[in-house]
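Q: Encoded as structure tokens, here's the structure I'll be asking about.
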Amino acid sequence: AEGRDEEEEGEEEEREEEEKEESNQSPICVFAHSGMWKSELCWPLARPLLLRLAWELVLGWAGGDERIVRLLNTTDLYLLPSLNPDGFERAQEGDCGGGGAEGGRENSRGRDLNRSFPDQFGDAEPNLEPVPEVKALIDWMRRNRFLLSGNLHGGSVVASYPYDDSPTHRLTGVYSKSADDEVFKYLAKAYASHHPIMRTGKPNCPGEEGETFPDGITNGAQWYDVEGGMQDYNYVWANCFEITLELSCCKYPPTSELPKEWENNRESLLAFIEKVHIGVKGFVRDAVTGAGLDNATIAVAGIAHNITAGRFGDYHRLLVPGTYNVTAFVMGYTPVTKENIEVKEGDATEVNFSLQPTVMPPAPNVTQLTAAPAPVTAITPTPVQAETPKPTPVHEPIQPVDFRHHHFSDMEIFLRRYANEYPSITRLYSVGKSVELRELYVMEISDNPGVHEAGEPEFKYIGNMHGNEVVGRELLLNLIEYLCKNFGTDPEVTDLVQSTRIHIMPSMNPDGYEKSQEGDKGGTVGRNNSNNYDLNRNFPDQFVHVTDPPQPETRAVMAWLQSYPFVLSANLHGGSLVVNYPFDDDEQGIAIYSKSPDDAVFQKLALAYSKENAKMYQGSPCKDMYPTEYFPHGITNGAQWYNVPGGMQDWNYLHTNCFEVTIELGCVKYPKAEELPKYWAQNRRSLLQFIKQVHQGVWGFVLDAVDKRGILNATISVADINHPVTTFKDGDFWRLLVPGTYKITASARGYDPLSKMVEVDSKGGVQVNFTLSRTDSKVEEGKVLVLNTPDTSNPNEKEFETLIKDLSAENGLERLLLTSSRDVTPYRYRPYKDLSEFLRGLYLNYPHITNLTSLGQSVEFRQIWSLEISNKPNESEPEEPKIRFVAGIHGNAPVGTELLLTLAEFLCMNYKKNDAITKLIDRTRIVIVPSLNPDGREIAQERGCTSKIGQTNAHGRDLDTDFTSNYTRYSAAREPETKAIVENLILKHDFSLSVALDGGSLLVTYPYDKPTQSVENKETLKHLASVYANNHPVMHLGQPGCPNKSDETIPGGVIRGSEWHSHLGSMKDFSVTFGQCPEITVYTGCCYFPSAGQLPGLWADHRKSLLSMLVEVHKGVHGIVQDKSGRAISKAAIVLNEGLRVYTKEGGYFHVLLAPGFHSIDATASGYQQKHVKVFVRDDAPSSVFIVFDTENRIFGLPRELVITVAGASMSALVLTACIIWCVCSIKSNRHKDGFHRLRQHHDDYEDEIRMMSTGSKKSLLSHEFQDETDTEEETLYSSKH
């Protein structure tokens, strides 16, 4: 089964006993001369040295040399004199420092073998076709359990140890420490200390006389970086400790020097071999039977590098002298830890482990069904007696006849044949390609293929995830044949096809299958994909951070699973006979029952399969291979069996609505073809019964109470079961449940939740519909409520609204990508000249939908290009939303540039080819600025993961600090790049959304970057950032995992800019404040400038997120403002939620993005009364408002404000005149000398009071502007209300 690493079968029993006796006595040591060296040339000195060593060992054995006899009696020693014989033939004696292919360093195809192995810090798996030597060596290492190895080179005199490279790939000076750093230093010193030159640490090689190595050893990466080296591959993937030995400054010394070289290295070679015996060794056995436990894991506390035991439970773990705590664990057994084990100099300390099984085998003399302990389950199934004959049905279905092993081409023809012969019920499609570009085919079988029918559940089978586990692959081809041939004649098959949309993927790992071999019982050849990764350890995990890079097959399947509303699934494997259900691992990483919230459901599903397979149901499947293994009723919890971090079944359950189990179909992984009919007979009923389980539980629709439309992504939760599911695009849902009474609640954002009590029985699914009312439906008196009122009279508007809703569905964008006519993949970086030619090429090839302009020039006079993509690129269309993508503000982070160039080509190529993309381009104005800092980009260096070279422009200014608030005052001092985008894009005030791409982490930030700036519209900005992150396969997990901040956690992958890296003068702050456009910054990856080989994976990660922005820009609120005569009102102020302010454009149009929910709108225009409405913003569709100023605010044809002002002034004049007349009269009557003095004093006091009153803040809705309290002139679009 999965996780077992067994040797090839076929040895005789006598030989097995001999191996068992010797297995813990003879560790394997290998010396390989690779014919390659870190300097420049294939180096041939190792060939005669290893041949001389072999001669010395044979003579010593024959002569009774005590040391050599002891060594050969206790060690299996392999000597490989030349890994590159072709290169040796081209090399020339006496050539001490030559290089290149002509000098013999490289193989005959010009490849450096020591740069061609898979690398833990490198790109995707290298292509091994040009390096058959490497491929052969990898296969050799997989077949043997090597423990220690030396790789002999030339060009210096030093012992180099892992790691040979680092995540940054800096050329030199980075100490790249492995988990066994102390062991490697100990091994390197064992060789160096016996070499008369090496131990001095001063090779004194010509041209490098000053180079020194303390103790004659060095960390590989600290010396210099070697990506794809052999020694690291041995340690990371083969459990073998290998060091690289540089033996002479001259790579091909004259023959006359060979005796001296032998004397220099003889003792070092023997001493190094003897170190294979250090550390701890022993056996891991079953405490009950005493049998050895193969593949047991040996873990040493404090060292993050485990090893596994051999086929007899034997293990050997290299350790330096010291005290250790060692743990042994294996699936189905309780782990055991031995503490304070003392390891001394010399031979290994022997430590044996006896592990107690967690599930005891049944007692003898009693049937297994009665002797087995009660399973951990709430369900007690009725035992199925295999011997009981079933009545012969009236109708005998047609059985498959195509029983053979189908290689890829054969399988491809088979699938095309049935898709062609049964077009009314089949659809053949591919979800992606394997590493070797084989299609990942899926056969859909349904009465309406290609269409999701509302209310009909979708089911899938996946086979051959491990390439050498082939029974599932053939069974699924049999099932396709069976369903097709029996549809319309067999009632059972006809009902299944008519009521279920069935998807069948026969092979998820077609590359591995092609490498596997018929007759393989329990081996691993072909198990992994072509990049040598186990696909069932490659999915994101809830308990463990999976460090292996996501593989093409994994990515494709994850996208596929998010594209369809799958309800139930099974993943077919081989190596045992049992149904395995979630969870597959646990927090502790040990074999223990890991219960999911739906444990009872999963047990019922598992039993539905196992009880139809008599042998599986008995629970003791592989007695000859695993005599103690027992599974009650043929089912098991995954983690209780053994831990599988990164498994597919758990990812299904946690990240989609789909319940998946893993089915082990037989003890033999690749049985002979003549046995295939037997497997079909055993599993036919199980395969059909399991599909039927998709109809159990509850199903129904969640509808809007107003328009009766289905609500997408509504949540269906079941009381006391912490696992909600969500609705699909028609509001349809399916929730698998065991019989019982449940409280089920439907809820959706912006709606009042609704709960119902539901009785579920065993007869089939129960339909339950929910109709939800919108929250906050009451209207304040005197105000108007507008609820998402699009212009449904226009069929094009309705059609486009439906498109946005479909693309917003959980699978919408995946479906778009699957149906796009062509995808493009970036494969190299484009410097400025190539970038300019590429953009011109798009403009010349797609002139009807593109327009290429220059926004300005950089300091060094490079053009800052802007490419517009639209159906009318040279015309103004104010009613359409406008989005801009900007990259390259930091020249040392060019990934964003390449992503935007790829996006541009993808959109152009699919225009008029893909209906959804065509409509998006027709209804959106897309502006792409791929490189804002072309000068910095020109000097940046590839693989500069942390390098700041090129970050600034040619003036040394970080452009993301140059967007200062005092723009008009200091415009002349602004950098030319900043000035170009500010004046020609941002201040045009016609963008609805901006997305900036940068590098250095894996997250999205939203405004503000300024540390003290308040953010009123935070929910909207955060929502936009979350849309991007949630469409990225790993960004939303919130663990960027960057080497310099490996423990950094960003919830949801989204954070406010100032909370991450606060700074002033950022582009997104300026865009929001002065451009009235929300902007988010996407950090595409930890490495600023990764190697070009990583670009395809980065595009695959980000393309869905980039497309999601094209969908999101159409949401929010669209509106038109007119007066009662129908005249459009431009420059009207639209104030949302009493804070956010935008202005209508030409034609009275306005558009603003808002988070889903209710929002208030106040519309004001000079000469008109204020209008107030409320609008409900949906998360899956645009919301529209139509505002009419129906009361003209004028008196006698003049504006009300003017009339009131004039009237007030006239009244004031009359009062003042009356006062003067009264005063004059009073003076004349009283005749006081100081009367006028007192009047003047009183008047002055009055004027002072008026002046004091006038200094207060006067605000109205129309004149409201945010005043920053931080003594800057910066304004904000998203501000706090005063």
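The backbone N, Cα and C atoms fix where each Cβ goes, and this holds for glycine too.
Where the annotation comes from TrEMBL, it is an automatic prediction and has not been curated.
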Q: Quick one: sort out which of 202-224, 386-408, 1260-1282 is the region 'Disordered' according to TrEMBL.
A: 1260-1282
Q: Test of understanding: give the count of other CB atoms lying within 10 angstroms of the CB of Glu664 (active site, proton donor/acceptor).
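A: Within a 10 Å radius of the Cβ of Glu664 (active site, proton donor/acceptor) lie 27 other Cβ atoms.
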Q: Just to be sure I understand the packing, how many Cβ atoms besides its own are within 10 Å of the Cβ of Glu246 (active site, proton donor/acceptor)?
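A: Cβ-Cβ neighbours of Glu246 (active site, proton donor/acceptor) within 10 Å number 27.
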Q: Could you count the residues of the region 'Disordered' (507-532) that DSSP puts in helix, in strand and in coil?
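A: Once the DSSP states are binned, the region 'Disordered' (507-532) shows 6 helix, 0 strand, 20 coil.
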Q: Could you tell me how many residues in the compositional bias 'Basic and acidic residues' (103-114) are helical, how many are strand and how many are coil under DSSP?
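A: Residue counts in helix, strand and coil order: 3 helix, 0 strand, 9 coil.
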Q: How many Å lie between the Cα of Glu246 (active site, proton donor/acceptor) and the Cα of Glu664 (active site, proton donor/acceptor)?
A: 48
